[in-house]
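Asks: This is the structure, below, for whatever I ask next.
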Amino acid sequence: MSRPDVVTTVAELRTRVAAWRRDGARIGMVPTMGALHDGHLSLVEAARGGADRVVVSIFVNPTQFAPTEDLATYPRDLDGDLAKLAGAGVDLVFAPETGEMYPEGAATTVTVGGPAVGLESDARPHFFAGVATVVTKLFAQCLPDVAYFGEKDFQQLAVIRRLTRDLSLPVSVEGRPTVREPDGLAMSSRNVYLNADSRSRAPALYAALTRAAAAIGEGLPSEAAVAAAAADIAAAGFAIDYVEHRDAETLGRPEPGRPGRLLVAARIQEVRLIDNIATPNYRQL
Ligand code: AMP
């Protein structure tokens, strides 16, 4: 099956998208950092269903990595990614170099408050400014009608929804469910860092969230459910960054009668994994 066309400059991207738009096409975008897996492909499938033309961006965004993080070793495989996208109904891949995204002298950053405060930001204070800046740029470069993001990165999705509203960006943001391995581990490009022992322990994260969400649904107070999840996750050998129950939209305190979310970040063998789950029938104060 034929691989999608690839462009590397904003000018080429704009030319292609403008021609589709002249034909009245609805443009869908799936921003990624590559090393594609079935989670990414589920976003492509959703985009195929919701748009006439699909653009996938592949860019490992340096501004969302701290100097101590894994920018240099983050898995990159454009050729393999294009093979995975062959036959997936992608019209164009935008794979810019860093210099194309951040021209010499670049001095503008998009910072988001609200849902960007706490959780991931406690461990990675640089992270959401990098994400918000690159997503704003990608939206401005491609001008999609709709863009697809995974609930896997739940706080990121909330941040992108917030910034899109706050900056009046004419893009509708669609969140899609987390795609998991058969044992429950959320698919992630970083899972390749796990050794056999850590990989066998990793499903404990989702198992603990599932138990805690069910317990909350049965009326267990939120704090007790969170404490039980944390104990389960620590017992599996993880060092916990956070386990929190939050309001699913604002990511503030969970409110009775509103959708809630349990969110976790934990490290095993120096690999940091994140996951989250909806909490049903939240009634406690
Ligand atoms: P990344 O390449 O990790 O930056 O992710 C690109 C997009 O894919 C983001 O919107 C992620 O939330 C989404 N994504 C990553 N992993 C999954 C997954 N397991 N299921 C669904 N979406 C995912």
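Every residue gets a Cβ built from N, Cα and C, even glycine.
The feature ATP binding site is assigned by TrEMBL to 33-40, 150-153, Val179, 187-190. Taken from TrEMBL, the feature active site, proton donor applies to His40. Positions annotated as (R)-pantoate binding site by TrEMBL: Gln64, Gln156. What TrEMBL lists as beta-alanine binding site is Gln64.
Describe the structural surroundings of these features, if you would.
Replies: For Glu151 (ATP binding site), the number of other Cβ atoms no farther than 10 Å from its own Cβ, over all displayed protein chains, is 20.
Around the Cβ of His40 (active site, proton donor), the number of neighbouring Cβ atoms within 10 Å comes to 26.
For Gln64 ((R)-pantoate binding site), other Cβ atoms within 10 Å of its Cβ number 21. A helical conformation is recorded for Gln64 ((R)-pantoate binding site) in the three-state DSSP classification.
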Asks: Running a distance check here. Ligand 1 versus the binding-site residues Met33, Leu36, Gly39, Gln64: which have CB less than 6 Å from one of its atoms?
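Replies: Within range of ligand 1: Met33, Gly39.
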Asks: In DSSP terms, helix, strand or coil for His40 (active site, proton donor)?
Replies: helix
Asks: Could you tell me which of these binding-site residues, Gln156, Ser189, has the fewest other Cβ atoms within 10 Å of its Cβ?
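Replies: Output over binding-site residues Gln156, Ser189: least Cβ neighbours within 10 Å is Ser189.
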